[in-house]
Amino acid sequence: MEKSSPRMTGGTREAPVNASPAVASNAEGEEIEVLESTDVLPVAPEDQWKSLFDKYDPENSGFISTERFRDLLATHGSELDPHKLEVLLALADGNADGKICYQDFVNLMSNKRSNSFRRAILQGSRQLKGCSLRDEAGLGLSQRLVRHVAYETLPREVDRKWYFDSYTYCPPPWFILAITIAEVAVFMYYGFQLDRLVLQVSSPSFLKSPLPYHPQLRAQAWRYLSYIFMHTGIEHLSLNMAMQLLVGVPLEMVHGALRIGLVYVCGVLAGSLAVSVTDMTAPVVGSSGGVYALVSAHLANVVMNWSGMKCQFKLFRMAMALVCMSVEFGRAVWLRFYPPAFPPCPNPSFVAHLGGVVVGLTLGVVVLQNYEQRLQEQSLFWIFFCVYTLFVLCAVFWNIFAYSLLDVRLPPPP
């Protein structure tokens, strides 16, 4: 059998020619590779897929055999990215039931996250031979960036190829970029207003802003989230923004703004609530809760999929990320116990960092581990989400009743 590889013309991939799929058994069942094929399938709306599916399902059972599914791929084709074809062929070859469900078929063709092809891979224990995404040449700058992001964040070759063909830069990673721009803009505004960029927290007017969390003003609920726009100084802002952009933007490109925004906001809220429960007299500023949620989730995902992660210098880069996190956390601990400029109000707390880490190691890991799957289908996601919701409810009741019951001496309002 003669192999062929895809040709590149002006950065655009052409469908490979004169090749057919070949299947070899693989005990691990973890990664998929494929021989390129001329069989391609046009992307169409769901009603067209239904019409096409019905031709191969005259009994209207909602299923077609894997043999008919392969015939469908062979006869109805003009434009389907070759890597998506690999996944469809894997679905046909790896399905242990011998049947393809209509909804699985539509999900795959509509680029919807689904369990379908992962089930096919694991049940079938197949390995389809073909070239790695890293070996493709002639890619444009934007394609190389997408390929780089795929290798930075995804542990399986089939996921990387699927993402490479699916990603369109529309929408762009707007959430992390918008949050970062807003945080820098607010910092610069208060930098000019307070006439200082280093250790802004030492200014007597710093906590008078409507944004930071302050224990005396904890009834103002927006402060549990808005505190991320204030930072103690340019050293605090710089470390947070560097980690937020370097980790957050690639993660959002792969997993989308909704999922990454969920992890980020949950980390932010957990950070301020953790402070209100464990460090009851301290204010909170900085985006460290959200940043640490993303970074800790990503690092945990890398460790859990160490052999599958193909990013370059991963051990060195992981060590550097841990160093940056340690430096930022050490700075926060030092500042918390440093004599405050305006006693009796203490300096901002460091506990928000720990709240973000806990969210990242629970909810965040579940999100990053399930790139192509629906979160609502994952029992572990619901377990962690319920635990998180219970924590939020307990923290709310704590803020309502515990301060008066414990007779906590709070600093005066700013």
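Cβ coordinates come from backbone N, Cα and C, glycine included.
Per TrEMBL, the features are:
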REGION    1-29  region 'Disordered'
DOMAIN    44-79  domain 'EF-hand'
DOMAIN    80-115  domain 'EF-hand'
TRANSMEM  174-192  transmembrane segment
TRANSMEM  224-249  transmembrane segment
TRANSMEM  261-278  transmembrane segment
TRANSMEM  284-303  transmembrane segment
ACT_SITE  Ser288  active site, nucleophile
TRANSMEM  315-338  transmembrane segment
TRANSMEM  350-368  transmembrane segment
ACT_SITE  His353  active site
TRANSMEM  380-406  transmembrane segment
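Among the listed stretches 174-192, 284-303, 315-338, the one sharing the most Cβ pairs under 8 Å with the transmembrane segment (224-249) is 284-303.
Counted over residue pairs separated by six or more positions, the transmembrane segment (284-303) shares fewer than 3 Cβ pairs under 8 angstroms with the transmembrane segment (380-406), which leaves the two as not touching. For the pair the residue listed as 'active site' and Ser288 (active site, nucleophile), the Cα-Cα distance reads 6 Å. Across all of the domain 'EF-hand' (44-79), the predicted model scores a mean pLDDT of 69.
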